[in-house]
Every structure is written in C-alpha cells, then in structure tokens.
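Novice: Dropping a structure here in structure tokens format, bear with me for questions.
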C-alpha cells in the first residue's frame, strides 16, 4: 500500500530548514550522497528497533497546528473547531468568577461587580478595559462637599465612600520649596505650613510660592536697593541714588521735587516703582508744584503743566508683610494700606501686624478620645483617626488578641473602632493556638480558616497522596480543608512506580523509586531551607530526595550569616546586625532585659500538645516549642513533617544521572538547571519574574505567563492579594501559607473586599467592627443593618426585603439574600442603570444595588448614552430637535453593518448588495444654526473630563483611564434630554458608534471627524515577531482590514503599544495609537500612526527612542520585535502623510463594519504638495482600522412618501457625493476627473477638513505691512514679539513726509535699536540683549515727550531722551511693519542706518494697550507686499544662505551649517571674522555659529580680546568661571588613578547660571564613538553618563538643581553599576547595558579631560548627548580626594576667568587675617591659619610658652601619651561646667565624630614616626592619624570604606618649629604645614563619621591595629618635640589632660 500523501495548507506549510536548502543543489553527486545517507539511516533505524515477531505500523501523520500563527488577545485562547478540525477560533475561557461584591470601575465607564468580571468583559468584548478605580463608576468624589481648614486636608477613605480632614504627620517625600504663609511667615514647604497650622490650630494657608519677602536676604547690600516686582514677585536689584556721580545739575521731576541730577531722579523713581520724568532743567518752580499739600499719602503729579495730587503715584512693591487695619481688612504691606487711604480719602489706621482673620479654631478646647485628632471639617470640630502609619514591621499583640504591624497601627485601629486597645506584649499574638496544615488564624473569632481562592495556572502537580492537582495551590487548599499532611511529590501528573508514587524528585527505574545523582553539578554554594549549605542546587535536590523531606533553595550562597561587627561601615549602630538576626528568628530586641537583649517570649504552656518534626531531626512537643528553640539558637529551623520524627528512609541512588535540561525540547533556562517550557525561555524564572513570597516557584505558564500563586494570592506574578483577601505582608513576615480571607459580614458590609494592610471592611452606616459585624448596645445586626428589635424572624411572612433582596428560610430562620452575580449568557450584555451608571450586566446591577442599599432599576439595555438623574426616566414628547441630534445610526433589518450618520435630517442606509432597498424616514425638524449646534455639542461633551485613578503607575496618563466619556450619543427620536443637575459620569467614547477621535478622548460626531481636535502624528514601522506572548506569521488575510484576523491582531498590537507609550518618557504628550497597515516583512511589518498633543516638542527620534527603551524593559513576551531593535523600530521624520486619510471614526463597536466616507476625487501627483512630517490631523481614530471605501450615504433630502421612479442614467460626477465639508462649495473640474472645494472662512484643505489656524506674518527682507498712522504726539506705549533670521532689519517705522519727525524700531548689529526724533534731533536707545536668530523675543518701549525707554526680554529699561527743543511727535505716513516700500528706503536708511526689512516673523504688536490683529492682517492692513505665513518649524522657510543646511534645535532655534567661505548665523557673511586674528598674542580665535569671533584666552589673561593681564591672586584659591564657550583641558582621568577602568569616585562643586551645559567629559576616541564618562546639565537636571562599550548608562538626578547656588555632586562607578548623589539627597543608581559575550566592565580612556566645555563637541561621543558649554563657576573637581583644578594638571585653558563672586576670591577684604588661607566650602569658607594664630578668621594670637615649660614635651620614640578625645581633664573636675566653656562639638567621650580638628607645632629631625592617632587599638576599624613618612607629614583617615592619604609638600625634618593644621568635616579632609597651600581630599561615598573608642594618642602606639595596611613609618614612635596642641578648637594641656602619664620631660632648647 503506497504511503498516504501529507496534506498541508499552503500558508501552514513549514519552511524548509537551512540544511535541506543547502542540499537542494542541482548536482548528481549531491543527490546520490543524499539518497545513500538517507537509506543507510533508515536501515540502522530499522535494525535498532526490530524485534522478531512484532509488527508495527507507521505513526499517522500529525495534523497541522491550526492555532499556529493565530493571535488571540485579551485573555482568549485558540481552540480548534469541533466540526472542522482544519479551522480554529479564539474563545474566552469559561471561568466562574467568585460570587464576591467588590465593585470596580472600568476604563469603559462601566461598573463591574469585581475585577474578575471586568476581565471577563474584556475578553468577551475583545478590547482593553483597565481597572480605573475601586468602587462603582457613578460614585462622586467624597471630597467634593468637604471643606478642610486650619491646616487639614481632605483624604478619601479606601472604599471611596467617605472623606476625612487629616493633618499631615510627616513631610517625607513631599515636594520641597519655600512658600509664604498667610501669616507672613516663610515655611520650608507647603506641607510644613499645614503641619504648623494643624499643630497650633491656626487658620494659615499658602499665600504665595516662594518667600514672603524675596528681598529679605539682600538687606545688607550697601550698593543696591532690593524691590519686589508686584507682578512677578521677583526681586529687582536697583542701584542706590547715593552712589550716583556727584555732579550738581539739578532737574525738576514731574512730582514737583528738585533732584540733584538725572541719575538721582531715575534711581529714586525706580526704587519707588515709578518712571519719574523731567519737567525742566534747574530748580522746580512754584507752578511745577501742587498748590496745596497732598493729603492721605497722595503724591504730586505734573501732567501737561498742570500739577495735581494723585494716587496713581502711590505704587507698592510685592513684598508680603501683612498689616491688619482698623477697617478689618488685611493689606499685603503697609504701603497698600496707605494707597487705600489715598483712594478712599480717609484715614485707615493700622491695628496690628499680621492678618486680621484670626478666627479661633473650633477645635480649641475640644477633647478627642481614643487617640483621635481634632480637625475642622466644614467649619465644625471633628475628631478624626490617623490612618497612615509609616515605618517598618514591628508586630505587637493587642489586648483584643489581634496582632498589629506596629504600635501605630494598633493605636489607629483603636481610634477607628472607638475602643481602648492596649499593647499586651511585643511580638505577634497566638489567639488561635496552633493552626495546622496551612490554615490561618482569624483573630476576631479565634478560628483557623483556610484560604480557598486559587488563580488558575496550567501547572499540575502530583501530591504525596497519589492524586494529581491542577496547581500547587489547589494541593495546599485540599490539605488545609481536609486537615491532612500533603506535599508535592513531583511536578506534572502523577505517575505510579509499581504501587507507590515517587516523591521529592525521585524517578521510577525498573519498578523502583531512585534518586538521581549529581555527577557534574554547576558550581556555587546554595543555602537550603533546612539551614544547611550545599555545594550546588543539584546536591540540595539530591539530599531532599535521599532524606524524603521538602528542602527548598532559600538563597544563593552559604547559610552562615555575616558576623556582626566585623569591620565598621563608619556609621550606624554596632548592634544593628544583632537586632536584625534576633528579629529574623522571632525574637524581640530589648536593651533593658536582664537575660540578654534578644528576648524569646514564647508562652507554650497553654498550647495543646501536637508533636512536630523539626528540620534538625528533633521532635518538638508543639510548633511553639520549635519556634522558641529557633529563636534561642538563632538558627534556621522549620517544621519538616507533622508528628514525631522517624528514621529517614533513604531512597537508593540512581546509577546514572537524570537527563539534563539541555536534552529537553526547549532547552535550559539561564540557570542551566531548570528546563524551559517553551521557545524564547518561556516559563523560565528570568522571564516570569514571579514574586518569591506570593508564588511557589520561579516558573510560570509558558503561554499566559501566570505564576503558581499561593492561596488567596493573585496577579500575573503573584504579587498581590486577590479581592476578598488581605495581609500579603503576613506571608513575608509571619510565614503565612497565603493571603488571609477578609470574611466581611455581608449584612453589615457594602463590599466583600477589605483594606490590604488592616483587613478592615467597608461598613454600612451605623455598623462597626473590623468585619462590620458589631452594633451599638441594644441593637442587633439584621438584613437592614443594625436594628433595635433583636428578634430574628422565623418565616418569610414576617420579613420585608428591600432593594431587590429575596427572602430565604434556612436553619429555622428567615433572612434577606441579595441576588447572585451569575447571569445566563443571554443576559450578559451591559445595561444602563437609573442612576446614570453603566453596569456589566443585569445581575451585577441588581447585586451591587442590593449590597449598597440603593434603589436602582434598568433604564435601558446597552451603555448609558446621556446622564440620567437617579430615579428619573426620560419621557417622550414632541419637540423641535436640532438636526445633528436626529442624525442617528439607522440600521437596515437586513444589514448588520451600522452606518455612519449623515449631516442632514434624512438618512439613506446603504443596503447589502443582496438585500432589497429599504427606505427609513424620520420626522421633519427645524435645522439648527451652526452656533446652536456648536453650543449643544459643547454641552454634550463638557463632562468628558478625567477622573481620579487608582494610583497604579500603569494607569497614569492612560487614555482610557482618563474617564473620557462619549456623552454625545443622541436620545431616541422624539425624546427629551432630562437634565436634573450635573451628570454623575458618562460612558467612554469607545461606547459610541463612531468611536474616538485621534486624541483618544473626544467622541466623533460624524465619520469625517469634524469635531475632532488636531493632533501631531508620527508614522512608525515595526518588524514584529510576536505580541502578547504569541508568535506572529504573516498571511494574506492580514492585508484585508475587514478580516477578523486583521481586527484581532490590530487590537492586540494597539493595546500593547498603548501600554508601552503610556509608561514611556513621552507619555505626557501621547494621546493614542492606530495600526495603519499590516504587511509582509521578515515576519510581520506593522505601520502605525502615533498621535500626540499638537503642541508637543517631541520629534520622531524622541518617539522612537522612548519606545525602544520601553521594549527593552518590558515583559519579553509583551511585544517581540526583531533584533537588533534599532534596525526594526523606525519612526519617520520626513514623509508625505495626507491629513485626510489619518483615521476614521472606527470605535471598537463599529470596528470594521463602519463605512468611512471619503472623497471619490483622484488626487493627482501634481496637485499634492508634499509637506514636512509629522503631520497635524483632526481625524477620529479608533482601536481598529476601517477600510477605505468610495461609497457615501447620499446627503440630498428626498421625499419619504413619494416612491422613486427610475430615470435616465448619467455619468456620476465627483460633486454628487458632496465631498466638501463644513459648508464648502464643490465645483467639478472640466476634465471630469476631480473637483475643487471653495471653503468658508476659517476652513482649509482639500475638502475643507482643516481648521485654518490664525496665521503669523512672515517677512523676507523686502516684505512689509502698512497700517494707519500712529497717534503718538506726546505718549506712546508699544510691545512687539518677533523672531529674526538675520541680525539686521527694520521692525517698525512711522515718519513725517515733510518734516524730520519719525519713530523707528530696527535690528542693528544683533541688537534692538529704538530711534525717534521730535524735530530737534534724534534719540537713540540700544538694548543690551543680543538677538538670537530663530528665537522669539519680546520688546517693550514707551515714549513721553522727549523721553523714551526700551526693554528687550525683561531687561532693565534703557532710558534716553532727544535733544531739547520741540517735544511733540508729528507723524503722517503709514505705519510700516516688517519693512518698507522701495520709495521709502533711502529716507529711512539715512535716519536709521538700516535699509532692509526684517527677515523673520512678527506675531504680536500692541500699541497703547490695543493689540493689532496680525493673525488676520489681510483685513486690517492698508497695504501689504510679499508677506507670507510663518511656520512652526524654524527651518521653514530655510533661513540659511549659500545652500547651507538648516538644523532645527530646541525652542524654535535653528543652526546653519555653513559651507567653507561663509560665516554668520545664516551664512550670509563672506568675510572670516578671525582674519586677521584680533586676539592678543597667541590666543586662538574661534568663529561663532551665531556670528562674530571669540578669543580663547589662556590662563592669566581675560577680556574680549585677551588684552587684560590678571593680577596674581597670591594664596587665593582658583575658582574657574566659564561663559558657555570656554573650557579647561586637563590630563586624562586615567593618568591619576591606576584602577580607574574598574571603579571611579569623583566629586564636583559648581554654581550654574545656565540650565544646560557640559561639566566634564573624558573619552577614548575623537570620532564620536568609544568609551567615555561625562557629567552635564540638561534643563537643570544633572546627567551622569558613561559607556563601557555596549551603550551608555544614563543616571539622571530626580530633582532639578537651583541656578545661582553652589551644588555638590558625587559620582561613583564600580564596574557597570553607577551612582549619582546631589548634596545630601538620595543616591540615584544606574547600570550600563550588559553583553552576553563580553563583560564590558572596564572604562578605557585615552583622551584629555575637558572641564566646562570642549573645543569641538562633534568629536565627543554621541552617547554623551552634549552640544553646549557650561555657564557658571566650578570650585572643585576631586578624584578620590585629589583636587584636579590646579595649575600642574591644566594643559590648556581657553577663555577661563577667575570667579570673583566667592568670599575667598574677592579682590578686597580677604576674610582670613594674618596671612591665613581661605578654603572654599561651597558658598562659605574656612580659614587655615599660619603658626601662632587661631580662630575662625585667624584673628587670635597664640601665646608662646617658655622653653622649659612642660607644655613643650619631648618624645624619644617610646613616649606614648593617651588623652580623651576633645576634652580636658580640667573640665572634668567641675561638677557643673561653666556655660562659656561648653562647646556643642565636644562631648566628654566622643566616639562617633562627624568632624575632627587638630593644630600643633612640631620640631623634629626624624624622617619616620607616628605623631597622632585616633582609633581603636587592636582591631581593624576607623582611624585618623598624623605621621611623618620620608620626611613629609601625612594625614590619613579611614571611615570604613577606603583610606584617604593627604601628603604635605613641606619637609618637616628640618629641626625647626612648624605649625600643623589638620581638619576633617564628614568625608572632606585638609592638611596644612606652615604657609603652604592646604592639601585637600575626600573619602569615597559612604560613611561620614569616625567611630573610635574615644582615645587620642600622641607620640605613637605600642602596637598597631591588626589588619590595617599602613606604612612602616606608622609603627615607629615619634622623635622630636610638640607644643601648642589644639583639639577640636580647644587648647590641650599636655600634662594635666594626659590619661597615661609616662615619664615626661620638656623639650631642650636649641
């Protein structure tokens, strides 16, 4: 019989392997070899399997896997068809959800009874439904009607039903930032303000951000006056009038006051916030002054020669110093009170300082019981309980027998329940006794209960009873409920071996269970759960099999804990380790206990005897005794088995090892031990990420990714409790077998779930108790809650059930029971309740209404379409309905396709081709005006706002979680929209037939999306291998958007990408995503459109990079993209993307069925104008893509009653379908092949689909706009915003055709110039702010008679005036903006020196507070020429000359890349500004991209041309000042540290003036590649980057740094791991990418180190992402304590100047006296004094001792003297020390020191010797020492991380007296010998304090500490003399203060 042919479908034919393809060569030899080898292999196979007498048949061919390539999303699974095995479909699992009422609100605005029902609905509807929040969707914000005051804030309860006013208990994690309180006091943060208000019960609120008086810190400035701008509240530093030049040229101001000169007048006016103007030169005359004395603080004002008293001159600053006046009004400061006096013309005397509103708090005198706190809620005193407890887990047993996580939780529960609960004892309670077999203690009842909820997981296990269980959780639930000892025998189904089941890893061999051997175990010890260390995990499993006990891998590495106290970290308590070990083993740490600090308080006498076998093989009488033994021995001990221990029955060893995981079908996991469950490491621990506490193992289901959870634990990774369970923490801390059931009483609880941390249930009003089962005295809990009648009815006749409950008689009693949650499939559709809330189905509505005791009925089937007041039903009535409300989706009886609504009153549905045509009509209606339609549409959608989320990060910013409702679906024809109050909540736009717009929130009103907002769209192309854990294979069916496969695949891809984008770096502007097309690629090519906020600054590379980062960190099976990722994830920057085809209204319900109306015109290639991508679109977009169609519903009105008569056929025309939208007029083209639309005002586009945004005029140098003549005879105020592409051009001009008068604004040499002439000569005012090409600038000017002011970008006004003579400005020409007509050029050039117009844009022009409508300039101008439209893209049009390439930068700035021979910002200059070189000497000249040249000054020179020689600063430190173009070139970091490639510790102190710039950079190459390390500022955030060869690690500071202040930053790298710390803030950790082949842990550097900038940023590594230099000052660059900013390390300095803004670098007034050295310490300093001087400023002289005095001691190398650190014995003799002798830095026995300070004088000839030592003797620990090594003095200290050695440059073995000063502050150290510059350094990141034994040694030590790697010199005693020893700024008496006093002798004289 011939073999049957194999049948395969073409698209399922498996691809040929590479081997077969290789052999398919048309070669006879190859064919012969192949046939021979195949025949030989077949013969061998036959012989090896042949047995005589046994016949076999060939195995039938396996049918093809029909589910391969079938993508099922949202929890559905693929199942083959029963009728047709060759077909398959996606079906939802028939899971039964728990009958639990825990309502949740989904992102589809529907309420579900619990989370399981939500997930079922997600699968059934095949759309993403997220958990929006706990509680029903219709619930209002509980804080909406609550007003909290006196410092408290509103906090909703966990169930969202109630709200409380609580005071903040801590401000940890709250945003910092000074705020001004309403009491006029500054607070560090708003949280601190609220805490203060709560604590003092004062009505204080935040008045302003920032300090109340921003000038508070500037009062000591003698050269400036600080004034707070009342508008911006920013301090303005104004020059004092006293510092004006002493010239006597009196002038008269317009306030009638004579001033010394013009400078004095302008400065006095500025200080008062006024613009004082000169009336005349000389003294004021009588006519210039007011005739009467001005009263009530009014000021004299002279206008047009008429002086009068005015209140306009009473101007006040913005400082907030509240004053309460007698009129009961609070004024911001006293000036405002004076202004009020002036305006009211009456006296308003002050009453007191501070605000008037000092209403006493209602909480004054109130007493709250049970630890509650009184807060003010809605104006009344209310006692509230504190709910939030911070801190670790420290369990206590309460007097109620309940275990609480801490004392705080106990007190909070006592307050909540209103009862007194005391701490009975430390540690957990044991109320239930011993709960066995995994049961948990229910403390309220004292019962042991079994958690029974198990998450479905396809991981069966074999139990020790020989039965197979669906999961390990099911096994433990069975063991608990049946109270039997049961454990997992093996994974998988049970397979018997003879009559037994092999357990603990044993395998069946020859009918006997044997244990496999470990022949080649992987290296690495592991710690078993029995406390034994095994050499490998394999040996652990072998031991478990041999001993037949359960042994799990507790952790990697040995079990022996680290010895406590072995090596100091430099900080922390010594007993921290012992405390942790004690706590881990069940003990309580008590320092006062007599039996030892670790107390094992176990009372086991009352526990019933129940023997257990311990893991140590010892039998204990109870489990309590085992725990006590575990605590006392402090060893790992657990119950190995129930009952007494028996001798282990050792299973025989298997002679050969079991098959390795490499021999399994899918190979090994990454641990090389666990067998993978599928391709791509599916089911492996590395991909599952199972929670180690909530799951049984690290493996998971290879298809769904579901881990094997413990009972009551849920989540994909088993990381949370299931609804209805709580206390996940108990699994971790108390070893619970799973989560604890909530056990809420259904009669008293409104929900079946509870709070996760406390287990409290949500009770009905009047019901109390943690489980809602308690009532007040005299009441009993019934079906209606707490009832006064305690009798319980017996029959249902006596019962009356409400809210849908039904009566049930059982156990002799009658009770009301709410309906079940289970509905038949026929009734599983959504329903709209009478409360306006959409519910999952009818049963869920009834159950939720019953449990919450609400009367809710079914309003309609399907989701709610408009707000319905509770209990009110819409009634029918005839009315005049707007047209668009009547346009409904009318479906044909024979058609299942819903149609797009028309824009007229009649709809003609499009029938299927096989269906008869059906005409459906609607009643006539009155058409609404466009304004009516717009207002109604606004009213419809205004409630589609966002709602509060659940707090989940994955929901943050989610489009569906935003609560956007559709709300715009029309009511049935003839119905009335009932509006009883505001709507509660609306359905999501995804419930509307036309779906959502591209913003993902707005429902589309029509298929064209006419109401949709604009979006910014990017197009991406992705090569996909799989999505949601399922492989993707391209089939032709995917190309059809109408196919089911396309729809399912599109929904899965869109949902996954939506998740990724919403957690990415671009999530703030991301709106939605839509799959455009699926095509063939390497696997499947997906083209997507990503829609963003139209104002976003993100570009296509940002979108692509954000998606790549999310793909790399997300779950591997979520979205599988072909590798390498960067080559298969691409987003396009430039492409033509027609707006009209960017989406259709295709919601999920409309899916593919909705026909999209498009034009039938053929757009020729010539008529299409390509434009820059990304495109802007206002089209609706849904979750799936609808097909393009050329059919459109007719829009002409037809008679309903008149039948249609066939007429002559004519060729269809393009305009028949009326394609022009929004009232546009359609005109057919003569060719008959297209049409054109004439759009109405405000519309544009091919079919008028675009909203024409207001245009900004653009000028090209010869363009201009002409407006009517300015009216500016005596006064003019003008504001203008412009963007220039060139540095020269006319902005504005108005002149006089016959006279000299004119007014002009122009750009000249890159600055704004304001000129005007009143007839007696021009005034020229030039701004000091440079104009940057491509950036928007704002200028403001004013003119009053001959005086004028000009300010650009908020600069201090530039003031000027025209020559005296005529004052008025006579203008008669047109006002020209942006340029001039040709006939005016010559005149204007002569007057302004500018003869060309502006090249750029002007977007705002305000004249005398009247804004000209430049956006509609076509209607406003008198004349125009050559004016275009200004684009948002700075390079459109191209501003660069000579064909230069334009590059767009941030904030609308561009950069022209000039070709050779062209220069300037737009490459318009042909002259090189550096030829000839204008710089002094050898300073190099650099051409700037913005135009001009820059001299790079070397060290010692400064100035624009390096012409200034800097004076020698002497001993002053050098602080480098950078201007954004300067830099320092130093030796590379690798030259300072030998092991820099492995690790690095660097510290930097800087002050930034600009938000961005490079701080330091060191690289390997100069081609933009290679390793590098960099630190840079990006928008005020620090970024520490380094690349070790595989990609850059980016570590970014969490908070932005403050500009203008000194900042200290610490950088650390060890291998691939790095850390960044700013100041004392938290450390931010990061890691560079990992490679599988090469470790990439070394940093290879070869180039110099650049600080503050670089000579050429294009040569830096691209991964550093820097393009600008640093603007600011750098004080310190320290590498492991070694200062790098010194002359010896600097190779080149370019334009670096000394920073003069620090006290240590001021030209005068050196703060350190008597030759002391000033050491910068960020913003402060420290003085290092020379010999003979001391004090903070070296102001104190040290009195020299006599030669023979014992205060000068001699040391002979064996003289070792001990002192108490930082204390003198003379002080110890005082019982009560004198206050003036106390010092807070010096304690009697300082053992943990944050700082050290030593000064001494020494004389010696020795080259070696230990001078001073602080530290423990005899062990390795922290120390600090002064020693002489090779004739130089060394300061060394070790705080626990790594020693630091500072070496002096001065030799001390000269037999001369030298003064030595050593200082340490935290990790910073300094050493100074004589007059040398101090040597400074720093220890690595880590400890900051020195832990010692409190002793200080002089002269040496008898024995050095063991283990310290110290030079030999430290072991040699000091030989020489010491005197004048100062310890901690205190003189040390060498004789009196000595603890050990060997034979001492004075130092001999020379």
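Using N, Cα and C of the backbone, Cβ positions are placed for all residues, glycine too.
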Novice: Let me know which member of 1822, 1924 Swiss-Prot also records as binding Ca(2+) at the site of 1839, 1889, 1891.
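Specialist: For the Ca(2+) site that includes 1839, 1889, 1891, Swiss-Prot also lists 1822.
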Novice: Can you check which of 1130-1173, 1174-1217, 1218-1261 Swiss-Prot lists as region 'Disordered'?
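Specialist: The listed stretch tagged region 'Disordered' in Swiss-Prot is 1174-1217.
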Novice: Looking at 6-26, 27-47, which one is transmembrane segment according to Swiss-Prot?
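Specialist: So the range that Swiss-Prot calls transmembrane segment is 27-47.
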Novice: Give the number of CB atoms, excluding that of residue 688 (disulfide bond) itself, located within 10 Å of its CB.
Specialist: 28
Novice: May I ask you to report the DSSP-based helix, strand or coil state of residue 1891 (Ca(2+) binding site)?
Specialist: strand
Novice: Using C-alpha atoms, which one of the disulfide-bonded residues 604, 744, 850, 1220 comes nearest to residue 1839 (Ca(2+) binding site)?
Specialist: 604
Novice: According to DSSP, collapsed to three classes, what secondary structure does residue 508 (disulfide bond) have?
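Specialist: In the DSSP reduction, residue 508 (disulfide bond) maps to strand.
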Novice: Around residue 1712 (disulfide bond), how many other C-beta atoms are within 10 angstroms of its C-beta?
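Specialist: Around the Cβ of residue 1712 (disulfide bond), 25 other Cβ atoms lie within 10 Å.
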Novice: Have a look around residue 1839 (Ca(2+) binding site) and count the other CB atoms within 10 A of its CB, chains all included.
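Specialist: There are 26 of them.
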Novice: Give the helix, strand or coil assignment DSSP yields for residue 1921 (disulfide bond).
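Specialist: Reduced to three states, the DSSP call for residue 1921 (disulfide bond) is strand.
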Novice: Select the closest residue to residue 1889 (Ca(2+) binding site) from the following disulfide-bonded residues, measuring between CA atoms: 631, 1220, 1467.
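Specialist: Nearest in space to residue 1889 (Ca(2+) binding site), counting only the disulfide-bonded residues, is 631.
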Novice: Calculate the distance in Å between the alpha carbons (Cα) of residue 786 (disulfide bond) and residue 818 (disulfide bond), and round it to a whole number.
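Specialist: With the alpha carbons as reference points, the distance is 17 Å.
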Novice: Quick check: of the disulfide-bonded residues listed here (171, 600, 1947), which one has the Cα closest to that of residue 1220 (disulfide bond)?
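Specialist: Answer for the nearest of the disulfide-bonded residues: 171.
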Novice: Express the distance between the Cα positions of residue 688 (disulfide bond) and residue 1891 (Ca(2+) binding site) as a whole number of Å.
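Specialist: Computed Cα spacing between residue 688 (disulfide bond) and residue 1891 (Ca(2+) binding site) is 45 Å.
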Novice: Just to verify a number: CA distance, residue 700 (disulfide bond) to residue 545 (disulfide bond), in angstrom, no decimals.
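Specialist: Cα of residue 700 (disulfide bond) to Cα of residue 545 (disulfide bond) measures 23 Å after rounding.
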Novice: Only counting partners 6 or more residues apart, tell me which same-chain residues put their Cβ under 8 Å from the Cβ of residue 604 (disulfide bond).
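Specialist: Long-range Cβ contacts: 621, 622, 624, 625, 628.
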Novice: Express the distance between the Cα positions of residue 1822 (Ca(2+) binding site) and residue 1727 (disulfide bond) as a whole number of Å.
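Specialist: Here the two Cα atoms are 27 Å apart.
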Novice: I need the most crowded of these disulfide-bonded residues: 171, 545, 624, 744, 1237. Count other C-beta atoms within 10 angstroms of each C-beta and give me the top one.
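Specialist: Highest number of other Cβ atoms within 10 Å: 744.
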